[in-house]
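What Swiss-Prot says about this protein:
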{"type": "BINDING", "residues": "12-18, 40-42, R293, 318-320, 400-402", "note": "GTP binding site"}
{"type": "BINDING", "residues": "D13, E14, G15, K16, N38, A39, G40, H41, R134, N212, T227, R291", "note": "IMP binding site"}
{"type": "BINDING", "residues": "D13, G40", "note": "Mg(2+) binding site"}
{"type": "ACT_SITE", "residues": "D13", "note": "active site, proton acceptor"}
{"type": "ACT_SITE", "residues": "H41", "note": "active site, proton donor"}
{"type": "BINDING", "residues": "T287, S288, T289, G290, R291, R292, R293", "note": "substrate binding site"}
Amino acid sequence: MTITVVLGAQWGDEGKGKLVDGQCRDAQLCARAAGGHNAGHEVRVSFHLLPSGLINPKWFYHSMNFIGSGVVFHVPSFFSELQELEDKGLVAVHDRILVSDRVNVLLDMHIAVDGLEERELGGIGPCYQASRARNGIKLTDVFHPELFEQKVRRLADGYQKRFGELFDYDIKAELARFDEYRETLKKYVVDGVSFMRSAQQSDMKIVIEGANALMLDIDYGSYPFVTSSSTTLAGIIGGLTLNPKNITEVVGVVKAYTTRVGSGAFKTEDTEEIGTKLQEIGREWGTSTGRRRRSYTDLVVVKYSNSINYYDSLNLTKLDILDTFETIKIAIAYKVDGEELDSYPADLDILERAEVVYHEMPGWQKPTTNAKTYYDLPKAAREYIEYIEKFVGVKVKYIGTGPDREAMIQRA
């Protein structure tokens with residue numbers, strides 16, 4: 001048995017799906033541990049809730065996909081994504097996906113509340129809030145209609161008292177939808193703890209796909225501009241009941257430059273020529289949330305990320321996007337009043353006052369897209385990679401050199 005965990009090391013959209021896709025080609029299980037249908041990932045198909053392993057061409061090897069207990073589960077999105085995959089010709093998708101009975105069910109009610117609280121409209125935050133307040137709804141509750149209705153009405157009553165007439169929600173329509181879903185859902189639902197225990201006792205190759213990224217973690221991200229779940233290795237372990245001793249490799253995925261979506265501190269952001277060039281060449285449009293903010297690589301962030309997730313290796317993605325740059329800048333420190341900070345700060349005032357220290361390296365100005373091995377890369381590209389390795393203290397094992405599935409160099 002081997003377990004490979006793939007985690008985003010920046011603010012998301014690093015390209016985790018491509019590595020997961022490659023790792024899942026001969027895997028027996030691909031799983032997600034946390035997050036919800038707002039965590040977009042794209043290889044050839046845009047995913048949000050489902051694991052990327054569903055596009056594994058070797059489905060006949062009994063490759064299974066699993067949504068773990070830490071996920072918030074929006075049933076309409078689950079069915080619509082499965083239908084989209086089926087429409088695109090992917091085989092046996094309904095037979096290759098299972099869901100833990102302990103996931104929290106994300107209702108349209110949560111989405112309505114999210115809109116009232118002026119956040120993103122996915123309902124992720126209110127669903128996690130309900131869970132922590134112990135009035136959430138587990139997937140197992142759905143199969144007890146009277147209990148399910150009681151819980152939905154109790155939750156709706158609480159929101160009605162809080163928001164009054166602003167709370168526009170059709171509880172009868174929601175309950176009717178679940179009356180339709182109930183029988184169809186049954187085939188996908190398993191005891192998540194038992195399933196993962198059996199998987200870890202087998203000879204399976206297991207690939208775990210992290211949602212979002214470290215800098216969006218509820219505890220260690222750039223708070224408060226974060227998601228509502230744990231995106232760390234600890235969140236993976238808890239969301240899937242993994243035995244930490246069974247983990248073979250933890251891979252941090254790092255884009256060769258830095259992007260983030262939405263509000264929040266982004267010290268290296270470039271809104272001028274470089275940022276525009278990165279956006280145009282890199283096609284920087286988020287799977288879930290649209291336009292991304294761009295900058296050169298911020299190794300302060302990557303090193304901080306490694307201090308929490310302790311990566312065994314890194315996957316550097318989209319190296320080819322830098323092929324035409326004459327000079328490449330790398331953020332290597334933050335300074336306040338001339339003094340270098342030890343790490344990425346939690347204090348937003350300190351972060352606001354911090355100045356970024358850059359290291360400049362010559363670009364390679366040669367195409368990397370045809371490189372099959374590490375030494376096919378231009379020397380300056382290798383020096384860039386090796387600088388990242390030395391600074392972070394983790395080997396760059398996987399290098400993405402283009403959008404194709406095969407455009408990935410793996411070093412020994």
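Positions of Cβ are set from backbone N, Cα and C atoms, glycine also.
Distribution of Swiss-Prot features across the structure.
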| residue | record | DSSP (3 states) |
| --- | --- | --- |
| G12 | GTP binding site | coil |
| K18 | GTP binding site | helix |
| R134 | IMP binding site | coil |
| T227 | IMP binding site | coil |
| R292 | substrate binding site | coil |
| L319 | GTP binding site | helix |
| T401 | GTP binding site | coil |
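For T227 (IMP binding site), the nearest neighbour among the binding-site residues G12, K18, R293, L319, T401, judged by Cα separation, is G12.
The Cβ neighbour count for R134 (IMP binding site), using a 10 Å radius and every protein chain shown, is 6. Closest in space to D13 (IMP binding site), of the binding-site residues given as R292, R293, L319, T401, is R292, taking the CA atom of each residue. Each residue contributes its Cα atom, and for R134 (IMP binding site) and G15 (GTP binding site) those atoms are 35 Å apart. The most densely surrounded of the binding-site residues G12, G15 is G12 (count of other Cβ atoms within 10 A of its Cβ).
Separation of the C-alpha atoms of R292 (substrate binding site) and K18 (GTP binding site): 19 Å, rounded to the nearest whole number. L319 (GTP binding site) and R293 (substrate binding site) have their C-alpha atoms 18 Å apart, to the nearest angstrom. Across the structure, G15 (GTP binding site) and R293 (substrate binding site) place their CA atoms 16 angstrom apart.
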